[in-house]
């Protein structure tokens, strides 16, 4: 997936930029120690799986956690460039991040669909979204992308010794561009779902302001659903801002056969890291939008009760 993978198998003169080393090192500290590992710990240990949103947050945090680990592993390919001459190693270098990105996109979409059902069809929600179905969905979020991403190994028809370890070079053009199409399609559907949720929430607030003696249980349930939608909506926006620019470059490679210029390759390089930066931002969003998560963080780090 990374555009930084153009180092040839036999090259040993590549100079790794110090700023990039510092950037990746900082990412690893946030990913592993202070970010998504903490998210998983707090939700599993304290907040539990009291709602489906919590399940999807944990699934997304795991994807972000492993994205951080796979980003750090990129360092080895620059320090030991001969690793790129092995097809399996090259596959792992590119496709692990691809896999985590697809898993994250599906998780964001499913979380939005869950909130859509809770807000737009509250009377049917408990019958449609059962505990068993939500658990199966969480498993499928990891199974389906693994088939789509790693199943492409048999399609590596462009591999030969000495080729640069780059997804754009190795994978067939249609397969390389497929991820961009999938991400954009799910992003558009997710945006439509949030538009429908916004309309329903607006009608609900107008109704409760104009009617006395409202059903307090219904108001409390809807308010909780809207609060959850605000969280998943913020996560969706962050994901889109971080990943859609890079996916635009991949879509360009799908429709245009000409090779990218050096400037375009450099831009795509940094857009990859913008996408990966999404995994840094998500724990900040949880702390901002989830008071219960923020409270547990304060208890852990400040000893507050």
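Using N, Cα and C of the backbone, Cβ positions are placed for all residues, glycine too.
Going by TrEMBL, these are the annotated features:
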- 20-44: transmembrane segment (TRANSMEM)
- 35-286: domain 'G-protein coupled receptors family 1 profile' (DOMAIN)
- 56-79: transmembrane segment (TRANSMEM)
- 99-118: transmembrane segment (TRANSMEM)
- 139-159: transmembrane segment (TRANSMEM)
- 174-197: transmembrane segment (TRANSMEM)
- 228-247: transmembrane segment (TRANSMEM)
- 267-288: transmembrane segment (TRANSMEM)
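In summary, the transmembrane segment (174-197) does not lie against the transmembrane segment (267-288): fewer than three C-beta pairs, each 6 or more positions apart in sequence, are under 8 Å.
If you average pLDDT over the domain 'G-protein coupled receptors family 1 profile' (35-286) in this model, you get 83.
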